[in-house]
Amino acid sequence: MSAPAPARGKTPARRPVPTRPDDTVRRTPAARRSRRAEAAFGFGMIGLAGAAILLFTIGPILASFGLSFFAWDVITPPRFVGLDNYAAIGSDQRVVHSFGVTAVLAFSIVALQVAIGLFLALLVDQRRRASTKAIFRTVFYLPLLASTAAVSIFMTYMFNERFGVVNYYLTLLGGSGVPWLTSDAGAVVTIVFVAVWQSVGFTFVLFVAALAGLPRDVMEAAEIDGAGPVRSLLRIKLPLISPTVFFACVIGLINAMQLFDQAFIMTKGGPGTATTTITMVIYQTAFQNLQFGYGSAISMVLFAALIALTGLQFTLSRRLVFYS
Amino acid sequence: MPLPPLSRRSLLRAGGVGLALAATTTLASCAPPSDPKALKIAFFGDQSGADELRARLEEPVRALDPTIRLEINATPGTDWNEFFAKLLTQIAAGSRPDIVSVATEGVQLMAGRGLAAPLDEYVTRDLAELQDYFDDVSPALVEAMMYDGSLFLLPLDYNAGNMYYSPVLFERAGLDLPAPDWTVDDFYDAGRAMARIPDINAYDWVVRLWGSWTSFLYANDGNLLTEGRAPGGQWLWDAAYAGNPAAAGRGGGWAWGDPVANSPAAVEALEFMIELRKEGIAPSPDVGGGQTSQALFAAGRVGMSVGGGFWAGGLHNAGMAPGTFDVQYFPRWKSQRHLFGTAGYSILETSDKKDLAWEVVKRLTFPDAFDVLFPGNVTTPARQSLSTAQRYETTGPEHWDVFSSTLTEFPETAPIPAPIYFNALSTALNQRTTEAIATGDARAALDGLQIDLETAAGAVG
């Protein structure tokens, strides 16, 4: 029960300190030491996590931000160039183009990840036996555990135009070999396919959990009221799991915008620059062309773009996401 | 005595101090400790190869200095550009080896950026000891290791872009084996004939700087960059190569000038590759070091492919019996000029053990060091005297002498164009080549490459 509001114009009475059940215990020196030790341990644990985040996440971000105002080739000392690196980005066609490539790949991947993940989750949700559900959950989640580099390497062989197993079966079926990795469209489709194949397990598991948590009474009421499977999905299930869909979109987009391994290993960004993502440009700029300052500036722009996109998603979520 | 109560603020303060200490300690542990007793070599390859090399070099190094420990750290990569990118990142992180394996691709990058130490004084001082080496090594290889008049590496091995072929597939296609003076037209006709055999690639190639369509570019008397020679170098030619006609006219290393990537010769060469693909003679190429291409060749599914001495051991190790593959000079187009790449070990400018490093580098030029460095016949020895029939007896190919005679038969043969901005050149070349193959428009792709190279050249001044 909340305390009564103080009368207008009067000094509020000091809120009584609630009596805690262990107050008597706290008074003993041993209990005090125990509590201090417990608190120290807790803060120690938080401190470790904080140190890791500081060292491996916040530190590099800050260092990268600082470096973006310098010209640095690793070998000679850094030279302060102010905003020159940022000014150069707008006129760098390579960067602008790679942002476009990244956007196309990322939105395709997220859309497919969410759609396929939801579809598979709905199918599994209909299974009655818990063991069947567990098998499907494991099977669909397994690719996510594999190393992206390893997956990309074997997919490169599978989609090889000359001796890949995909073209082998296509030709057996009477089709002709497709230049999966050596044509613009083929390379984009293949990379999206591989990224979705590997990561769809993540959205799938999220949706399975969300569907399992739907209130039974609401679903039963919908059934009694004569809602069919499609109407039930569109009017009941989707609105109820919309926070999960939103979460999957946010996380998926952040990950997809940083796509690197698949494109780097499977196509080296080609053919031409058809699959050169912004992270590849950052890698080439910093680590191959030794323009670490400029590479950092591009990273910062990507960071800002991700924040803006996430902010936009949150804004849209106010209209589209239903929090019960 | 009971401890005073620990306030939240004090705890946070203590935590902050602890955090700072932890950060300092972690950062300090990240920085590699300077070890005055370790001689570090950065090796391009896998760690097992590095360990094998260390095992075989340890004793000679200990003989030079018993207090020194030899460390050889491997850096893997699909091609030299990947190796250099990783190496430079390691150097940036404070890990500075004393000796680094460097190929033509990285000579100017390392020398031009002040990373590699010139060897001029050491070579001059120990010339008597090295004369046997210089007598045995083509001046073309040595010149490729010079930059701005100074020598930065002693070449240990090299690979010229020759043409491997399958005598089996030539026979199946009813063709005569290629002659030393065969032409690009002969190559094209052979490709068309072999393309009729199902499930094979008459010609296979990869997208990279060495031995890609660049081999056709060289044979077409073209290049990606304007060729020139830096002044200087006479200190070496006059002393080590006095009276050697092959050294006449050489300078202080290759000086790569303005990009000419969209020259008529370049467009014609790349259009030729597009034509090969359209006619089913060659497939769309992979980007990288050519391992897949080599595997396909070993499986008997490739008729012809550009390769150097390094393919001999590779094909043999892959199970190819002698007689199932052979090699010939690259076919003549406007000329029969080949390209080549050479490699050796460079001393880093930052090394505080340069004298010892030099002794090791010098030791690696001794004839008995070659098979220690390159077990399994996987490259061409820079020393002519090591290219013998006995070396190729087990592995083949039958015409092994093609490897060693390319430089003398075709003196206009030149190193791959690897300027100080090699990494940017390599990336741009790969991208624009795959673009040309995908779109079929060589001219547009090479116009783009020209702009890329001009931008890269401008960025390094």
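Just so you know, the numbers here start at 1 and follow the chain as drawn.
Placed from the backbone N, Cα and C atoms, the Cβ positions cover glycine too.
Curation plays no part in TrEMBL annotations; they are all automatic predictions.
Some features that TrEMBL has for this protein:
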- A:99-313: domain 'ABC transmembrane type-1' (DOMAIN)
- A:1-32: region 'Disordered' (REGION)
- A:39-72: transmembrane segment (TRANSMEM)
- A:99-123: transmembrane segment (TRANSMEM)
- A:135-159: transmembrane segment (TRANSMEM)
- A:187-214: transmembrane segment (TRANSMEM)
- A:240-260: transmembrane segment (TRANSMEM)
- A:292-316: transmembrane segment (TRANSMEM)
Q: For the transmembrane segment (A:240-260), find every same-chain residue at least 6 residues outside the stretch whose CB is under 8 Å from a CB in it, and list them.
A: 102-103, 105-107, 109-110, 113-114, 117-118, 191, 195, 199, 202-203, 206-207, 209-211, 214-215, 218, 277-280, 283, 302, 305-306, 309-310, 313-314, 317, 320-324
Q. Based on Cβ pairs under 8 Å, which of the stretches A:39-72, A:99-123, A:135-159, A:187-214 lies most in contact with the transmembrane segment (A:292-316)?
A. A:39-72
Q: Could you tell me whether the transmembrane segment (A:99-123) and the transmembrane segment (A:187-214) have 3+ CB pairs under 8 A, leaving out pairs under 6 positions apart?
A: yes
